[in-house]
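Asks: Relevant sequence annotations retrieved from TrEMBL are reproduced here:
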DOMAIN    A:58-247  domain 'ABC transmembrane type-1'
TRANSMEM  A:7-29  transmembrane segment
TRANSMEM  A:64-85  transmembrane segment
TRANSMEM  A:97-117  transmembrane segment
TRANSMEM  A:123-144  transmembrane segment
TRANSMEM  A:173-194  transmembrane segment
TRANSMEM  A:222-251  transmembrane segment
Amino acid sequence: MPTRFRNILAPAATCPVVIALWYTLWHLLAPTQRFLLPLPHEILAALRDNFAILAHAILNTTKGALLGFTLAVALSLLSAVLLSLSRLIRASLYPYMMVLQMTPILIMAPILVLWVGPGLPSVVVITFMMCFFPLVVNTTQGLISTDRGLVELFKLYRATKWQTLFRLRLPGALPYFFTGLRIAAILAPIGALVGDYTAGSSVNGGSGLGFQAVIFSGQGKYAALFATAGLTCLLGFLFATAVISLSWLCLHKWHDSYHQHH
Amino acid sequence: MSPASAEAAKDKAATPPHRLKEAAALTLRGVTKCYGDGPPVLDSINLSARAGEVLSLIGPSGCGKSTLLRLIAGLIPLTRGTLEIASHAEVGFIFQEPTLLPWLNVADNVALPRKLKSAPRGTTRATPPSTAPILPSTDTRELLARVKLSARARAYPHELSGGQKMRVSIARALTLNPQLLLLDEPFGALDEMTREHLQEELLALHAAQAWCAIFVTHSVAEAVFLSDRVFVMSAAPGRLAHEVAINLPRLRNADTRLSPAYQAQVTHVSRLLRSVEQQA
């Protein structure tokens, strides 16, 4: 398929160019400033030297991101069904959900450390806080945007409330849900990283990429810091790919967004 | 007595005895619909349809013909009057739009009414399952063959043309073997040729199953071609102003459209429609 060909081959072709630019930039820097921009091979070496620590860190961050993300998906689905019931419920609850989204994580972190303890519990809650809002807003919008003709059709056949929910409203809300899910998938690793950075803990080997970034920058290990950044990108990429694939699986057969290229 | 009910009475008197034995598929007496405290949208509608009869409702925009169809379907409550549908009769409804579930393929869309019926009932439904004999629902494959969509059973709605989508919608409405079929301008959005083909196919389906149909349309030609009786409605409030019996042989095809008898009926109904519009 030409599209897939383009999407894989084009970045692969530009890769040597980016790396060449990287080395050129390094050569242009004054020798005393070159430590600011570790070279790709130095970053790979740092990755190798710190492999055990980083592998452990990425596992911990993945665990925090997955738990927070899953919790956000589950609670947002239940909340969206509740919110879709009436305007009054939406008007009463939306402001509190916005508060959840708007409270800066930097301020919440120390509070969460007090409430649920440092490390994984705080990381999960912070990831949840970042992912929940886009999910609940999009899914609710999907549930209240059900085609009116289809609602009448279900009414005509005297469908029960559960049939209408599971056979009509939820499948109809799927495209909206996946819009929220894509945003949440990008936010989840960032949330876990920020959570770990601000409320992480190395007790019982619980430190993640955020915590490791604090340590590497304190030690002046800039190549290792860049390696940590690279792994965070990789994690974000994996989350996004997983969700985009899932979305394709559920929607490509019937949804318009996959059929615009005729 | 309104002109329509007078006509209806005359019609009853003229009905041969063997016809009287047939149960009325649908009877409306003094059906009135108001929204809130507003003036009636529909006023004292009297209408009786026999099993197997095809009736059309035609009238100016806003005369309440779609509202009347929705009242009969039970989608909206009536304000006054009585509405009787033969007991245990299944009602099928065909909307203006094909109204298909985009995530189900053609076969699953057609089978939807059966799925909604057969699923275990929770406590949300008050009435227990009826013990009355219910006609077996028509097999999905057979229905698809009848609407000429056997080859597209696995296709999704976005892969179909407008006419094909409407065929799916028709097959779905026939799934539970309805004794009463309500059609709300189903072919309005289609091109002329597709429209005429679908009219002929609908009559072929009717010949096979003989449901009673109420057809709402803007097209005089369509109303005359399909119906045994055409009702011309007046607006504000909506009333049945004229009833026209269509005296054409029941078996109609493309040639019918060329016959002088058909064209005379079209002219007659068009004049009545024009007179109703002028009074408004």
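Cβ from N, Cα, C; glycine included.
No curator has checked TrEMBL annotations; they are predicted automatically.
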Asks: Should the transmembrane segment (A:173-194) and the transmembrane segment (A:7-29) be scored as in contact, given a threshold of at least 3 Cβ pairs under 8 Å and pairs 6 or more apart?
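Replies: Result for the transmembrane segment (A:173-194) with the transmembrane segment (A:7-29) is no.
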Asks: State, in range form, which of A:7-29, A:64-85, A:97-117 has the highest count of Cβ pairs under 8 Å to the transmembrane segment (A:123-144).
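Replies: Maximum Cβ contact count belongs to A:64-85.
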Asks: What else in the chain is close to the transmembrane segment (A:7-29), if you only count residues 6 or more beyond its ends and a Cβ gap under 8 Å?
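Replies: For the transmembrane segment (A:7-29), the nonlocal Cβ contacts are 36-37, 39-40.
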